[in-house]
Amino acid sequence: MSDYDFAVIGGGSAGYAAARTAASLGLKTIVLDGGKEVGGLCILRGCMPSKSLIESANRFRAFGQAREFGLRVTDFSYDATEIIARKRRLIGEFADYRREQLETGKFEFVRGKASFLDANTLHVDLLDGTTRTITTRSAIVATGSVVNVPSVPGLAESGAWTSDDVLELTTIPPSLIVLGAGPVALEMAHYFASLGTKVTIIQRSAQLLTGVDPDVAKELEHALSDRGLEIHTGTTLVKIEREGDLRRITFEKNGATHTVEAPALLNALGRRPHLAHLGLDKAGILVEGSHIAASATQQTSQPHIFAAGDCCGPYEVVHIAIEQAELAARNAAKVLAGSDLLEKIDYRLKLYAVFTEPQVAAVGLSEAEAAAKGVEYLTASYPFNDHGKSLIMDELHGFVKLIVEKHSREIIGASVVGPHASDLIEEVVVAMRFRSTAGQFALIPHYHPTLCEIWTYPASDLAEDASVGS
């Protein structure tokens with residue numbers, strides 16, 4: 001007889017969600033977390049701390065825009081030490097709450113690093129120096145991700161910061177080179193630029209934010225360039241050198257070789273699944289590339305072992321990790337009960353947001369994804385520089401875009417580049433949840449003047465004109 005019905009490896013957002021769900025279904029559950037701190041990536045080194053820093057930077061940036069609104073603000077400054085202190089205070093509160101949830105949940109919580117001995121047995125190195133062996137009928141791997149250091153000549157020796165390092169910096173550099181142009185790279189570039197740092201972004205792909213539609217990426221690039229950020233896309237890194245306090249980056253672009261220098265360098269070239277020392281091979285768990293292979297039921301190659309979150313992908317955002325984990329726990333209960341009627345994850349409402357200025361957000365299919373799926377679609381957009389509330393706010397960059405299926409006019413995707421994009425996108429999420437058409441969406445009343453009423457323009461266009469976007 002096994003010690004547990006369900007073992008959860010990892011106590012972050014996905015792990016806690018899986019444990020809470022499994023316990024509510026009556027499974028005898030244990031959570032194993034070997035981190036020095038409890039909370040997971042989102043709370044400790046991801047979503048929450050980065051947004052704390054960005055909020056401070058946004059408030060500081062607003063002072064610099066005061067004259068546009070008839071205000072006189074003089075002699076204002078920032079204190080990076082106090083910015084970090086505020087972040088630490090907030091994160092401490094969030095982490096304490098998560099620790100309390102883990103310690104008082106209807107499951108056992110153990111501080112220790114787990115590894116598989118076989119598909120039903122785990123070895124645990126407890127943080128107190130002792131060890132423990134447990135058996136379980138089912139399990140889920142929810143170990144998250146770690147910073148990736150790619151094989152670029154000189155990168156490892158350059159003393160480059162990672163996103164983890166940035167969250168503790170109490171000195172703001174005069175200039176900074178950012179490697180990468182994904183969400184983390186751009187959010188940190190925005191943070192430093194808002195505090196006065198000269199920022200250079202070097203991106204391998206042809207656009208910022210690989211995966212979003214080119215019009216979205218280009219609009220964001222224009223906005224950031226207008227703010228003074230130097231952006232290089234379509235590059236190949238050649239080498240990185242360190243000379244005293246300077247970092248020198250050599251890269252190729254359009255057949256020419258370029259060099260940029262700065263005292264600070266941020267490696268924001270992504271993260272990789274945290275799978276080291278888990279003994280996945282001993283459990284017969286297949287790894288494809290760098291991720292655990294997981295099906296739409298969140299099952300691994302071992303049907304009684306599941307995975308959720310960054311360790312399996314395909315979308316490395318916390319709300320999807322939680323959805324995956326909750327579904328996995330429900331499916332684990334069904335597997336243990338002998339049922340094969342398992343749930344499958346649905347990414348129709350996959351959601352994305354980047355907290356730059358302007359912000360970027362998207363839901364559902366992009367134009368490229370719709371085309372790849374063979375979906376006939378129409379689009380319509382509307383710019384913020386022709387919208388009353390954004391003009392009042394002096395937020396002139398960006399646009400909203402709706403994507404609908406051509407014949408039914410059901411909304412299948414949307415994008416925003418502009419003020420409060422991360423909030424504005426939620427209205428479309430709700431509409432898509434109930435499979436709204438553009439015509440139905442256009443009938444929703446909006447108070448005037450508000451940012452959200454901007455959606456009525458593309459919705460009305462798509463409801464009335466079958467030629468729009470064709």
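Placed from the backbone N, Cα and C atoms, the Cβ positions cover glycine too.
Positions annotated as domain 'FAD/NAD(P)-binding' by TrEMBL: 4-325.
The secondary structure of C42 (disulfide bond), as reduced to three states from DSSP, is helical. Residues or ranges marked as disulfide bond by TrEMBL: C42-C47.
Other Cβ atoms within 10 Å of the Cβ of S145 (FAD binding site), summed over all protein chains shown, number 21. Marked as FAD binding site by TrEMBL: K51, T143, G144, S145, D310.
As annotated by TrEMBL, NAD(+) binding site applies to G180, A181, G182, P183, V184, A185, L186, E187, G270. Around the Cβ of G182 (NAD(+) binding site), 19 further Cβ atoms fall within 10 Å across all displayed protein chains.
Taken from TrEMBL, the feature domain 'Pyridine nucleotide-disulphide oxidoreductase dimerisation' covers 353-455. As a summary of secondary structure, the domain 'Pyridine nucleotide-disulphide oxidoreductase dimerisation' (353-455) carries 37 helix, 32 strand, 34 coil according to DSSP.
Note: H448 (active site, proton acceptor) has non-local neighbours G388, i.e. same-chain residues 6+ apart with C-beta under 8 A of its own C-beta. Marked as active site, proton acceptor by TrEMBL: H448.
Spacing of C42 (disulfide bond) relative to V184 (NAD(+) binding site) is 12 Å (Cα to Cα, whole number). Calculated from their C-alpha atoms, the gap between G270 (NAD(+) binding site) and K51 (FAD binding site) amounts to 18 Å. Looking at the residues that bind NAD(+) per the record, G180, A181, G182, P183, V184, A185, L186, E187, G270, the two CA atoms farthest apart are separated by 13 Å.
Annotation note: G180 (NAD(+) binding site) sits in a coil segment as assigned by DSSP. The CA atom of G180 (NAD(+) binding site) is located 24 Å away from the CA atom of T143 (FAD binding site). Of the recorded residues, S145 (FAD binding site) and L186 (NAD(+) binding site) place their C-alpha atoms 19 Å from one another.
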